[in-house]
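In TrEMBL this protein carries:
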- 69-149: domain 'Cadherin' (DOMAIN)
- 150-257: domain 'Cadherin' (DOMAIN)
- 258-371: domain 'Cadherin' (DOMAIN)
- 372-476: domain 'Cadherin' (DOMAIN)
- 476-586: domain 'Cadherin' (DOMAIN)
- 1-21: signal peptide (SIGNAL)
- 603-624: transmembrane segment (TRANSMEM)
Amino acid sequence: MNFSALLRLMVILVQLWPCSPSPQNSSTQNTAQSFTAARRVKRGWLWEPFFVTEEQTSLHPVYIGQLKSDLDKQDGNLKYILTGEGAGSIFVIDEYNGKIYVTQKLDREKKPFYTLRAQAINRNTQLPVEPESVFIIKVRDVNDNAPQFLDGPFVATVPEMSPEGTSVTQVTATDADDPSYGNSARLLYSLLQGQPYFSVEPKTGVIRMASQMDRETKDQYLVIIQAKDMVGQPGAFSATATVTINLSDINDNPPKFQQRLYYMSVSEEAPVGTTVGKVFAEDSDLGDNAAMDYFIEGDSSDVFDIITNNETQEGIILLKKKVDYESKRRYSIQAKAVNRYIDERLVKEGPFEDTTIVKINVEDADEPPVFTSENYVMEILEGAMSGSLVGVVTARDPDYDASPVRYSIVHSTHLKRLFSINEHNGAIITTEPLDREIASWHNITVTATETRNPEKISEANVYVQVLDVNDNAPEFPKNYETFVCENADSGQLIQTISAVDRDDSAEGHNFYFSLAQEATNSSHFTVKNNQDNTAGIFTGKSGFRRQEQFFFYLPILIQDNGTPPLTSTNTLTVTVCDCDTEVNTFYCRYGAFMYSLGLSTEALVAVLACILIFLVFFLAIVTIRQQQKKKPPFSEKMEEFRENIVSYDDEGGGEEDTEAFDISALRTRTVMRTHKPRRKVASEIHSLYRQSLQVGPDSAIFRQFISEKLEEANTDPRVPPYDSLQTYAFEGTGSLAGSLSSLGSNTSDMDQSYDYLADWGPHFKQLAGMYTSHRSGGD
């Protein structure tokens, strides 16, 4: 292989694969190296660049290049073989001269290159004369694909009033053609719709603001972007995309009142908090940008108030203070609406507020009387006579007609009525003297009613304070228990006393203690003031004897500092105890109790012993009775009753069967009663039925008959050992038969005579015949 041929081969390889290294590049480079090695041994391949244009169509195969070995002597001994991608179908080779043809139309976007292998063999020996070499056929691109916007639809948002040049969004189109070859994939962007508000960068597709736009004018724009390949040259393909651009709101509009003047009215009797009316300021912005607060400016802010309804953005005017038609009939207030949130960047565009005038008329109403004060405080000395004046309340009708007013007191049904009021002038007087120590304050509810319209009523509270008068003398706060030992020394403190006073002293209480006049001559005890509203009781002598005097009663005189001063005498009881120095309180109380009963200790012990003996005796009796109640009612053991239970499983023959069993076996021998033979009742019935015609159930004869039957049942050993019910029928005075009961009969029909049945009349004729024939048959 000569040098020029090798150089041409390397140029061909560079043209075939100019990209960065890849597996295919590596194969190509290895091939070049093999050709270089072939050059050294004067062997190798020789070919021209292989390119095929995509979308190329022809009726015949299209020549694309030739493979040739430098050992080919053009004598037909070499055979060229082509293998690899598309060999034999897409690409064919002339086995004699190595020319390669393409037989089909190729699409670079589907497959940009094909890798094939070439080999030259000797036809005679079928041995390769050149090593197998790999080469590439590259499909050359043509502009056969239009650009595409794959990320649509496009939606973008930008704040309104954004400055010119503000980036809105970026749209990007793609082209399937080869960007490394020619201009088929080089795109150029342009704006088909959206001027003069927007612009687009030709190479990047970035959409920008071309002017400031107001959302309140138009809040949405449709922009059409075109992407064209071949850098926009004639014949290029293009595609379009629609971009929806929304303008977001900013607070660039102040609130505006719908009206410059509002008229409202309110009744003078409307309570505080009543809604007077509503005002509304409109803001073209949205959301928080349209939020606003309402205010009242001027002196009317103390009578009226305004609040903001955050849902409707209305200003609600409320009554802050009651109005009076007679005092002022008309108000003029200025309401202001201010944006709640203001963009600092737009402060210079302000002010973001607006004002309006609201005129409010006060409507006249029939008002209830009005007291000169809602609460009155009055005073009166305790003990004042009934009918004393406490104070006067005043009310008037605020209306122009000035209706007269009638006063009254609301009395509680469960409280005593201590006050009354003059219904004409409102003078309050007492109905009885008041005692401060019982109640120092009294609460009264006074009403004022219009005489022309009794439904108009108002109330006022009157608080009456009862002033203190020194009408209660001081006294002991409790009953003192004072003890003194028999061996007490003279001048010994045995008790400290104090005092209380139910009165109220402005300067504070100051009590003075002393012995009453009748006790000043006694030398047993003395009283000493401590100058702190207490006093000490001291012994006036040494030694006391219980046998001589058990109790001492000291009259203590207590005086207060009131005007005039009051004095009371309180008795202090001093008990003498059997002790030396220290007092045993319990023992002293016990001794005092015994002394008051007039009993000695020995007598008390005897009484207690008697009580103890009586209790022991009583408990013994109760115990004995309880034991007796636990004994069984029979002397026999319970087992005896169970052992004598006899069970019969026979069915008797009825009332006439008296031989089925002996019922006497059910009775124990201990409870067997003496049998009293029963008399025949047949003759009794025969003799008594005639008497029953004249007697009734309450007669002595009937009672005697029942008593006899009861006695027989009680003594009959054949009856069951339990209570039984025996019935005796009695027909009454109108019956000729008398009693027909068979319970009293213990004899058989054969032993009785029924001849008397014939005398009972025609009603018993059949019965008489039955018994007569029965008796005859039996005989």
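Glycine too: its Cβ is placed from the backbone N, Cα and C atoms.
TrEMBL labels come from automatic prediction, so no person has curated them.
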* Structure fact -> Taking DSSP helix as H, G and I and strand as E and B, the domain 'Cadherin' (150-257) has 3 helix, 46 strand, 59 coil
* Summary of DSSP states over the domain 'Cadherin' (476-586), given as helix, strand and coil counts -> 5 helix, 46 strand, 60 coil
* Structure fact -> When pLDDT is averaged across the domain 'Cadherin' (258-371), the result is 88
